[in-house]
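What TrEMBL says about this protein:
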BINDING   A:ARG211, A:SER236, A:ARG237, A:GLN250, A:ILE251, A:GLY252, A:GLN253, A:SER254, A:ASN288  FAD binding site
DOMAIN    A:5-197  domain 'Electron transfer flavoprotein alpha/beta-subunit N-terminal'
Amino acid sequence: MNNEIWVFVQLNGQNVEPTSLQLITKARDIAGDRPVVALVAETESMNVEATVKEYGPDKMVILKDDQFHNASDGEIADALDQVVTDLKPNSLLFPATVLGRSVAPRLQAKLKTGLTADCLDIYFDGDDLVQVKPTYGDDIMCEIICPDVRPQMATIRPNTFKAVKAATDTETVNYSFTFHPEANIEVVSETPVINSAANISDAKTVIALGRGANNEKVIAKAEKLAGKLGGMVGVSRPLTDNEGFSHENQIGQSGNTIAPDLLINFGISGAVQYAVGIENAKQIVSINTDAKAPIFDKSDYAFVGDADEFMSALLDQVR
Amino acid sequence: MKIVVCIKQVPNTDTVKIDPKTNNLVRSNVEGIINSFDRNAIEAALELRQQAGGTITLLSMGPDSYITSLRDGLAMGADSAILLSSRKFGGADTLATAYVLSEAIKKIGDVDLILFGRQSVDADTGQVGPIVAEDLQLPQVTFAESLELQDNNQLTGHRLLDNVVQEVKVKLPAVITVRSEMNSPRYETPLNIQKSFEKEITIWSENELAVDPTQIGQAGSPTVVKRIFSPEKAGRQTQMLPNNAKDAVAQLLADLNN
Amino acid sequence: MTNDKTAEQNMLHRMIVDFTTNELAPLDMKIDQLGDYPDGLFQKVIDNGLLGMTLPRQYGGAGFDYVATAQAINAMAFGNASMAVTLEGHFKTLEQLLKYGQPELLEKYLPTATKRIFAFSQTESSGGSNPKGISTRAVKQGDNWVITGDKIMITNGGLAQVYCVLAKTEDDQMAVFLVDQDMPGFSFGKREDFIGLRGTPVGEIVMDHIKVPGYHLLGSIGQGLEIGNNAHDDARVLMGAVLAGIMQHELKIAVDYAKQRKALDTPLYELQTIQEKITDIAIAKQNTELLYQHGAELKVAGEPYSKVAAMAKSYGSRSAVSSGDKALQVLAGYGYSREYPIEHLIRDARAMEIAEGTVEKMNTEISLKEVNK
């Protein structure tokens, strides 16, 4: 047993999944004198070490095998089991992505240890990794520890922490292991998806337009922006009278309740009837010419100014 | 096809409160219902049974009150139900829960397909399915949004990963966890509700299973709940963006991308 | 009386809540605007076995009693009162068949009642629910009866396929017969354009010498009025449940709004005038619940329930109209807007001050029962 904190680095195609980098930063923040180790499983031709290194892990443990391309959860868990059983980290963190939440419990079962899902915070209390996770929605939090078994495992919700680059001398270990193919399962293909929803209640990104953005030019740009962001256009009550919008697009008490990851409000004042429909949005950005508009109290980001100008700037800068 | 659907009973509420004196969750008076994702798993099983024939057994571990949701699953159309219930199973975390479920599945025998909802809506772990797959040494397809029967011993599923859809072929027996996107669960009809009360629910304790006493309940659970608390509901901290639209957007995108 | 529900009742209630939440409530406003059920909606009601809720198991139904059924109707009315009243009309008719129908008739018709709506019709253009003015005639021809007449304002008229009709025999005795839309001489007349419960079809049937076998007679000749009154009683229990559901909806709208809206800096719900309105609605809702549940329990127990049934509908309908008015006032301008459902809840509730006996008629019945104790 050592005192290392390991972070599983998830790859999406050729890229590093951002949560993994966020976890390296978080691990460094709570580590004290514990070394932070990035655990990478990649194909021979891939080389994400340079990217991972920028975030300052003390060590990288690299597993290389071409069969990691389209590997099954069971195959990944088997490979990780070999290195974890051998090198015995103190703690092991996964992104709470679909992949992380699928591989980590299989590994947990092999290691017969604890695993806490979807944590919003972690910290050390002595040698115990205290894992803070929501339960029953996000209204109640639990602190969970795994006092007697190591490694202490957790999956951590994406975008909970910020990734910060850090310069460190990173040691690289190429770990040799045996890839054991799983006989009864085959990943046939992977197809990228653009997040699109048919219904505004399910949309991940919503561009919302209100009385202050009620002109054809802005509406046309909003549609374009929604297309670029893979989102949908919603409206407050006054715009439901416009041709092209209806009750289906309406946000608010007498319309739809939405819960997107990102909501951008253009020209919406933020009356109570509207505000109740957006309470569950994760990030809210609001643009209004009136600095005293109530919508700003409900927003994470506020821009006092012209809707059209801001929209144009967004269209320019969003790739 | 012999299908087992593992279900969990959860409180029928989004607002569970903490008792300020005992610091425990107040769960009494809240009726129990089937975890919503598990209804999707039951629906998937019903559709597969329609295509391939066979039987559907519901399996759940919990106190006797869990009979409510097992009964509900029977009313949806499952053939039989087994409740794993014993004081000794109490206080189990995901590892110990999955262990007992796995032992019960072994006892049921010759199971072709084990279905779970993608996760429970209360504890939200989604771990029990993969642990059962590992315990039984079976392939898994988690977070499946579609499932098609190829022939009687092979399924094709699509899993929605974070930004890719993965197509997976899996030979039976296998473990599948089901997303709500896969289907719309059917309603129990009034007649099927009545009929469900004519079906027996089997109860197994540790005496009926070949379980290692050190791996069940609290003894078999490596994790411990240290503290439960209600977080302060923080209002949104509003950050003002620069007055110039270009700079404002640049700053916003930089922040959001982090 | 007790509020303990059996496990079966609980599951039925939850199923109806789910069905209502997913299938009916989202269409509540649309049903009112459309003045009909959208395509496919009624088929979902059939496909999910809701028409067979009360029907005994031997006929392919679920055999739930009136207590469970009334609670289910109540849960449905919270999401959409029209569909709840459509089911009420069907269930009250089946009750009369089960109580008065001859075995041959039940064997032939009841197995179809899980897929087809059955309706009960008394009213004619010559006068409301008053049976004295009935001009529909039943003439005996050998073993058969020949029915001729025109019935209007039938709940589910046009949607229903089987009708129990009140008719007069040649010797001026009242009797109820079952006719089927497939019989020669049967046709549909016009649908009413009512201001409330706009999803529930209310229409006319025309019977031109429809020949029915003798066993299509319910009860015996001369029992027609009794059956009609019994149908009223069974309808009124369920309408009490519908009205309590409407009031629950009114209450929710008023409470939600009072919690969100501020008058200057004071939340609306802290104002005494608002609290009074919310309290009045809540008490009226609770009273109506107690009345309809008590009526259903008395019926299941085989006790007289006519008076309590009339109370549930008389009190419930007047309360639901006035509660709607109070809820409207809480929301002020928004309440007066067609964009919020309150105005249609008031129109829906208003129907039940008239249907199945006007408030005035029921109040006469109730007071006479008190006077003649």
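Placed from the backbone N, Cα and C atoms, the Cβ positions cover glycine too.
Cβ packing within 10 Å was compared across the binding-site residues A:GLN253, A:ASN288, and the lowest neighbour count falls to A:GLN253. Most buried of the binding-site residues A:ARG211, A:ILE251, judged by other Cβ atoms within 10 Å, is A:ILE251. Cβ environment of A:ARG237 (FAD binding site): A:GLN250, A:GLY252, A:SER254, A:GLY255, A:GLN273, A:TYR274 lie under 8 Å away, each six or more residues apart in the same chain. Spread of the FAD binding residues is 23 Å (greatest Cα-Cα distance among A:ARG211, A:SER236, A:ARG237, A:GLN250, A:ILE251, A:GLY252, A:GLN253, A:SER254, A:ASN288). Annotation note: A:GLN253 (FAD binding site) sits in a coil segment as assigned by DSSP. Taken together, the residues in the domain 'Electron transfer flavoprotein alpha/beta-subunit N-terminal' (A:5-197) have a mean pLDDT of 93 on the 0 to 100 scale.
Annotation note: A:ARG211 (FAD binding site) sits in a helical segment as assigned by DSSP. In the three-state DSSP reading, A:ARG237 (FAD binding site) counts as helix.
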